[in-house]
Protein chains: 2
Amino acid sequence: MSANKISMAVIKRLPKYHRYLAELIDKDIKRISSKELSEIIGFTASQIRQDLNNFGGFGQQGYGYNVEDLYNEIKKIIGLTRTYNTIIIGAGNLGQALANYTSFGKFGFNLKGIFDKNPKVVGITINDIEVIDVENVKEFIKNNDVEIAYICTSRSGAQEVADVLVEAGIEAIWNFAPVDLEIPKEIIVENVHLIDNLLTLSYFLKDND
Amino acid sequence: MSANKISMAVIKRLPKYHRYLAELIDKDIKRISSKELSEIIGFTASQIRQDLNNFGGFGQQGYGYNVEDLYNEIKKIIGLTRTYNTIIIGAGNLGQALANYTSFGKFGFNLKGIFDKNPKVVGITINDIEVIDVENVKEFIKNNDVEIAYICTSRSGAQEVADVLVEAGIEAIWNFAPVDLEIPKEIIVENVHLIDNLLTLSYFLKDND
DNA sequence: TAGATTGTTAATCGATTAACAATC
DNA sequence: TAGATTGTTAATCGATTAACAATC
């Protein structure tokens, strides 16, 4: 809240708060102190209090935090009190897997369209959505209030697709292609570079055995 | 190299060096200075020199870095000079998508087996590999020198699977289930929490429109 | 040799942790 | 009221950036 800049480190922790608070609600736990939360979530109590106080004073001295209230506050902060229209570009293995993921919908990310350039794939139906020729993506974004695009194309096709998305006025890109996209900085980009992730594992494993 | 501890921040940047150096080789560029690399990779020249010097003095004053040599050094550091046997647990959408990813193999991550508990899935073939009943995973790991397991099960099944993997002596886990696994700390874990990633997008989008 | 650029030390910046007065 | 725990300031820690002597 207000104008003071929240650091990316804090923002990246928010989903974890959300996840653990949901669990506490499931377990019917009504209140929790930063110390108790610290023990299950793995952040220090101090960090938890600092993090939360970036957004407001949600706790009460001598009592702690009301689990349900805090959960709802976190939902508001993360932006889970409204829905987002999304599309997938690239109906390969990964694109199809994401299209079939039902949990995104539960969080309010509604898949509106799937696009591909391959004529063999255009027209097939994935999770009740027909794959459309990517030629039509610009028009589709404008007509359907699409805010987020998941790029699931090959490495080589990704930048070209991104350019079209930007032209069409996309607001955020979730990029699964192993490239760093050149995108105007007002557009939000999250990269999932799977290979990079794997290489972290090999880094630590290389000298084993 | 040597005993001084490399920070996670540095390790997480290594794959990006690897990627950009591969590109430079493709473009037949023979040498590069930290300043030039800085301009394309987006880290400061100072950071590049600091990062690389954690592992050795790969450059030459007045000249810069030999691209191919540096690329090979980075490969060694990341652990790409040998191969790793991997398995996938959970042959759902994501598991199947990962099984069909050919690029992991190119980096030396060889998929040896795919496991599932669903009798309807056991026996089908994905990318020439037959899905095996997860009951047999422990034995399989021991007999096939499996070092890395990709957990692609549901949230609820993940911890149980992880326990079996640990018993079987797995060395690293790539976890796609939206849980924080409880795992002995000597086992390397990389999490890909897709939902967490999406929530970063919604955080920034929530007040748009 | 002169110019360029590294390797490395020092300075700065930012994030985490500790401490404690405020207060429920 | 007394005890507990927050909100918040101060101290510490770690990572990034700047600076420059060493040297190719």
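From the backbone N, Cα and C atoms, a Cβ is placed for every residue, glycine too.
Cross-referencing B:16-55, B:56-95 with TrEMBL places the feature DNA-binding region at B:16-55. Less than 8 angstroms from a Cβ of chain A: among the binding-site residues B:GLY90, B:ALA91, B:ASN93, that describes B:ASN93. Shown are the binding-site residues B:GLY90, B:GLY92, B:GLY95; of these, the residue with the fewest other Cβ atoms within 10 Å is B:GLY92.
In the predicted model, the DNA-binding region (B:16-55) shows an average pLDDT of 98.
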